[in-house]
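Noted in TrEMBL for the protein shown:
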ACT_SITE  220  active site, proton acceptor
BINDING   51, 52, 53, 54, 55, 56, 57, 77, 137, 160, 161, 162, 271  NAD(+) binding site
BINDING   124, 130, 162, 196  substrate binding site
DOMAIN    46-188  domain 'Lactate/malate dehydrogenase N-terminal'
DOMAIN    190-353  domain 'Lactate/malate dehydrogenase C-terminal'
Ligand SMILES: NC(=O)c1ccc[n+]([C@@H]2O[C@H](COP(=O)([O-])OP(=O)(O)OC[C@H]3O[C@@H](n4cnc5c(N)ncnc54)[C@H](O)[C@@H]3O)[C@@H](O)[C@H]2O)c1
Ligand SMILES: O=C(O)C[C@H](O)C(=O)O
């Protein structure tokens, strides 16, 4: 049977999309993606990922495209977003994906966003501390936060870029300068410490990590990462050897991955998982779900420091409530003093970077 004229046109159209001669498609095709009838997507939140083409950014973008609470997903980076966006946009999930490349497109990437997740910046190599990343990442975070202050000042921010203990104070100072600072909406992501703590504790106890909840407070670097093993749920007890082993492994989990990757970067896959777990909690809070509680590094009065990670309740406006640390063991009290000493320096370094 001869194909009809209509069928021929349809085949030509599909073929043009499978083998798109780049410029020709613009010039000759009478039909393009821009002509699609459905432009909106499912109801939900608008989320931007800054640093979307990176080691964390790519799996994070993939997982956020799968999140049913996301209706629009903006992928921004200074490199490679066209490829990452084309790839992820073919997933048959609800979120509409758009890519943005380079500084001239930052404002379009940010306008109208409800949640901005920032994994932009360089990662560690073996032998480096997170603070060694400060010189490069401080400037990146500053620029991106200036964009947020201008284009989506009411967005909730999930800041992943290291050193988190300094980049969160940097972001706060940028927003203060712009007159848009809302401490409830700025959250440093420490979720990976909790994810690791749950995993390592579950290994020691011989239980499923999904049934374990370990609060991790303080900050996100070395001794500032303070797991509260006396408050593990379900209630359990550890020997002092187990406490030493677990505390050390949780505090150095990032270094464990950096060394295993031997120069190829730091945690990306477990971080993308943790970032999505945390972003999903933020979106559920924004939606108005009750009892959304996670650990995060936020502006806080839990200690005398201006920022501290602890359990926070996330609601329609971001951080609704910050929970006190609760009763600490002697081991944890000593750890807290060490953590605060280092945190104070890192926080001040971030503040001074903007105020200087
Ligand atoms: N908070 C945490 O628990 C945690 C965990 C893991 C990694 N990190 C940190 O996350 C950051 C990213 O790690 P990674 O492994 O994805 O690194 P990566 O180098 O693989 O990716 C970083 C991406 O950021 C992009 N980028 C650089 N400058 C940018 C700018 N001005 N605007 C937008 N994008 C920009 C790069 O092009 C790159 O695609 C690092 O600072 C790392 O230390 C934090
Ligand atoms: O360790 C790093 O440098 C990355 C990240 O902060 C982590 O904890 O894995």
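Every residue gets a Cβ built from N, Cα and C, even glycine.
Remember, TrEMBL labels are computer predictions, not curated facts.
Structure coloured by features recorded in TrEMBL.
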{"residue": "51", "record": "NAD(+) binding site", "DSSP class": "coil"}
{"residue": "57", "record": "NAD(+) binding site", "DSSP class": "helix"}
{"residue": "124", "record": "substrate binding site", "DSSP class": "coil"}
{"residue": "137", "record": "NAD(+) binding site", "DSSP class": "helix"}
{"residue": "161", "record": "NAD(+) binding site", "DSSP class": "coil"}
{"residue": "196", "record": "substrate binding site", "DSSP class": "helix"}
{"residue": "220", "record": "active site, proton acceptor", "DSSP class": "coil"}
{"residue": "271", "record": "NAD(+) binding site", "DSSP class": "helix"}
Sequence-ordered binding-site residues from 55, 57, 124, 161, 162, 196 with Cβ under 6 Å of an atom of ligand 2: 124, 162
Rounded Cα-Cα span from residue 124 (substrate binding site) to residue 55 (NAD(+) binding site), Å: 12
Subset of binding-site residues (51, 53, 57, 124, 161, 196) lying within 10 A of residue 220 (active site, proton acceptor), CA to CA, in sequence order: none
Binding-site residues (51, 55, 57), the one with most neighbouring Cβ atoms at 10 Å: 57
Cβ within 8 Å of the mean position of the Cβ atoms of 124, 130, 162, 196: remaining residues of the chain near substrate: 123, 163, 220, 221, 254, 255, 258, 266, 267
Residue among the recorded positions 124, 220 whose Cβ has the most other Cβ atoms within 10 Å: 220
Pairwise CA distance, residue 271 (NAD(+) binding site) versus residue 124 (substrate binding site), rounded so that it is a whole Å: 14
Residue 130 (substrate binding site) versus residue 161 (NAD(+) binding site) - Cα distance in angstrom: 10
Rounded inter-Cα distance in Å - residue 162 (substrate binding site), residue 137 (NAD(+) binding site): 7
Cα separation, residue 57 (NAD(+) binding site) to residue 130 (substrate binding site) (Å, whole number): 18
Residue 53 (NAD(+) binding site) to residue 124 (substrate binding site) - Cα separation in whole Å: 17
